[in-house]
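What TrEMBL lists as domain '3-hydroxyacyl-CoA dehydrogenase NAD binding' is 26-203. Look at TrEMBL and you will find His159 tagged as site 'Important for catalytic activity'. Positions annotated as domain '3-hydroxyacyl-CoA dehydrogenase C-terminal' by TrEMBL: 206-304.
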Amino acid sequence: MTHPLKRNQSTNETLCPRKKVTELPVGLVGLGLMGSSITTAFAVSGYKVIAVAPVAQDLAHAPGYLKEQLIHAETLGILEHPVDYYLDRITLTEDYSALQDCSLVLECVIEDRNIKSDIYRKIEAQVSETTIIGTNTSAIPISSLQQYLRIPDRFMGIHWAEPAYATRFLEITCGSKTDLRKAQWVSEWAEDWNKEPTLLQKDIRGFITNRLMYAVYREALNIHEKGEATLKDLDKAARYDMGSWVPVMGIFRRMDYMGIANEGEMVKKLLPLLSAATHRPSIMQPMVDQKLRGIHSGAGMYSYTQEEAAQWKQAFNQFNRDMYFLSDKYSKKTSSEIEEIKSI
Ligand SMILES: NC(=O)c1ccc[n+]([C@@H]2O[C@H](COP(=O)([O-])OP(=O)(O)OC[C@H]3O[C@@H](n4cnc5c(N)ncnc54)[C@H](O)[C@@H]3O)[C@@H](O)[C@H]2O)c1
């Protein structure tokens with residue numbers, strides 16, 4: 001049976017034959033929430049995974065996390081085999097030498113550069129010179145981590161979204177010393193992991209997604225601060241306008257759809273009116289001071305009863321699942337495939 005979400009394998013083999021790579025295991029170091037979720041993602045995509053626990057406690061909780069995530073993946077309908085089949089293909093160990101045959105090793109430990117640098121030293125002592133080494137860091141610049149690598153050109157950011165096995169997002173970021181060809185090759189390869197990878201060729205703060213989102217946050221909060229619209233209405237606009245086209249068109253195909261001349265005129269008129277603020281909006285300061293965690297603590301931009309918080313979490317989970325399948329349906333369609341979709 002074919003994996004229900006498996007894409008056509010690309011025949012574009014640049015650095016190393018794809019088949020050879022898929023036969024080799026991939027490695028993970030760090031088995032917290034994200035590390036175990038990524039381990040599950042690789043296992044579900046057909047890889048043997050060597051998962052190294054950098055601290056002994058990881059070995060205690062990782063089997064439970066992995067089983068729970070695989071059962072979740074099963075309920076989403078993305079498993080080809082029973083849960084135990086995937087568990088058998090995952091090696092949990094504290095021994096870094098188990099990584100020696102891996103084609104790729106991903107570091108996924110806490111955001112502490114000293115700890116991460118120590119991990120890179122241990123990985124590089126075991127793997128071959130061609131092994132790709134990645135970090136799942138969300139915030140530390142890739143170029144600054146790269147200085148700890150003996151062979152820095154094989155190192156890059158490979159940033160996943162949670163749950164890693166049920167989201168399409170993957171952000172690949174080059175540091176100043178990353179070999180761009182290697183990053184391009186990982187980007188092609190990541191389609192086999194059922195991802196829609198983005199490749200950021202230069203290590204800019206916030207990577208791509210945070211920069212886009214913070215531009216939107218700034219303008220939305222600016223409109224709210226001036227009393228021109230409520231938070232609820234701003235959220236409605238994002239959900240029912242942007243939400244109706246972003247997942248299928250992105251930004252620039254939308255411009256093409258609306259007509260470049262129109263969009264160009266609007267850009268000219270609107271840019272001078274948009275916020276260029278560099279400070280934190282006043283509405284957020286007290287919430288930051290109180291360390292509010294929104295849905296997770298019952299208060300944030302909105303307030304939540306426990307029941308409402310649970311409903312939002314459930315809705316988001318369900319939506320994530322639906323989007324996982326929907327994005328596959330609309331990705332990379334040729335005109336004849338679009339005709340097929342129209343007739344569904
Ligand atoms: N949680 C998310 O949604 C998310 C999303 C994207 C990226 N990330 C990134 O992924 C990485 C891991 O995040 P997480 O959410 O899995 O964290 P986590 O706290 O669940 O796990 C942290 C990992 O770090 C290891 N660790 C802790 N102290 C250590 C030490 N002294 N020496 C060696 N290892 C140690 C733990 O054993 C564990 O494996 C971070 O870089 C984080 O920024 C997290």
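Glycine is no exception: its Cβ is also placed from the backbone N, Cα and C atoms.
The Cβ of His159 (site 'Important for catalytic activity') lies under 8 Å from the Cβ of Asn136, Thr137, Ser138, Leu170, Glu171, Ile172, Thr173, Phe207, each of which sits 6+ residues away along the same chain.
Each residue in the domain '3-hydroxyacyl-CoA dehydrogenase NAD binding' (26-203) has a pLDDT score, and their mean in this model is 96. Under DSSP, the residues of the domain '3-hydroxyacyl-CoA dehydrogenase C-terminal' (206-304) split into helix, strand and coil as follows: 64 helix, 3 strand, 32 coil.
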